[in-house]
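For Cys174, the entry in Swiss-Prot reads active site, thioimidate intermediate, with the evidence type sequence analysis. The feature NADP(+) binding site is assigned by Swiss-Prot to 203-226.
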Amino acid sequence: MKVFDYEDIQLIPAKCIVRSRTECDPTVVLGEHRFKLPVVPANMQTIINEEIAEKLAEDGYFYIMHRFEPERRMDFVKKMKDKGLISSISVGVKDDEYALIDQLAEENLTPDYITIDVAHGHAQSVIDMIHYIKEKLPAAFVIAGNVGTQEGVRELENAGADATKVGIGPGKVCITKIKTGFGTGGWQLSALRWCAKVARKPLIADGGIRTHGDIAKSIRFGATMVMIGSLFAGHIESPGETKVEDGVKYKEYFGSASQYQKGEAKNVEGKKIWIHQRGHLRDTLQAMREDLQSSISYAGGRDLEAIRKVDYVIVKNSIFNGDVL
């Protein structure tokens, strides 16, 4: 199988049919809701917190709350429901997580979205959790992952997952490929394309996004939604520590399998980096919206479906020619 990644692909323009890119509609439907953009900030502790989740929901964006403060999830779901906002949480597969599902069911609290968040999602433990959630909270939209193969997509969909997350270790602060020799790092876009050939339900591309153009490429190769970490890290509102060096502010960004997340140096598959503090999150979201509208106009359409139909070329690591933003 020939493989490629984001930097190897250039999408080919089609005849433009709009007078202005502002006519282009970058919204997307996932489950029973329509969202302003086909992007979701990674459910990582230095990317999202309750305040950011609430603001995203208020403004019409999709979010997935992380699972690293497990005792707060019940209250979070209650709060979001009381405010009339979508509730979207993450769970793992350990015994305590089953107890959370039981508690939600007992209190008649069904989150709109539940993401089963496991590094190697093609696992019996994930399938068992899908079955359990669907039994106890049948109305919840279940996202399961992460996987990197057609077999993984098939099994999770057959178990009842409503969407599958694709990507094993391509993220900027993930070192799975280095530590284990496994993953989709370096061929994430090909893995997405491969998985999309068998998927009957939405796919969420997770990891490896370095530019806004990569969002359009993900849509072209089968993603309904694109999960992004590094581009959403380092904002003024971002959780995590801030440091100042030579008058420049930096924000920390670490992987969910890093020792900074785990609190111990055991089974580490993530690292920490410091990112130049950016502006506000709303400005990044607006820039993504404008760039995606431009992508749609280059695709010759008015909405995201146009991007799925464009041709492409493989140019092997040469398209940027050293250019940077």
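Here, residue 1 is simply the first one shown, and the rest follow in order.
Glycine too: its Cβ is placed from the backbone N, Cα and C atoms.
Mapped onto this structure are the features recorded in Swiss-Prot.
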residue	record	contacts (Cβ under 8 Å, 6+ apart)
Leu203	NADP(+) binding site	Val153, Ala163, Thr164, Lys165, Val166, Leu192, Cys195, Ala196, Gly222, Ala223, Thr224, Met225
Asp206	NADP(+) binding site	Ala42, Gly145, Asn146, Lys165, Val166, Gly167, Gly171, Val226, Met227
Ile209	NADP(+) binding site	Tyr6, Ile215, Ser218, Val226, Ile228, Gly229, Ser230, Leu231
His212	NADP(+) binding site	Leu231, Ala287, Met288, Asp291, Leu292
Phe221	NADP(+) binding site	Leu189, Leu192, Arg193, Ala196, Ala205
Sparsest Cβ surroundings (other CB atoms within 10 Å) among the binding-site residues Ser218, Thr224: Thr224
Cβ neighbour count within 10 Å of Ile215 (NADP(+) binding site): 27
Where Ser218 (NADP(+) binding site) falls in three-state DSSP terms: helix
Coarse DSSP state, helix versus strand versus coil, of Leu203 (NADP(+) binding site): strand
Cys174 (active site, thioimidate intermediate) CB neighbourhood, other CB atoms within 10 A: 25
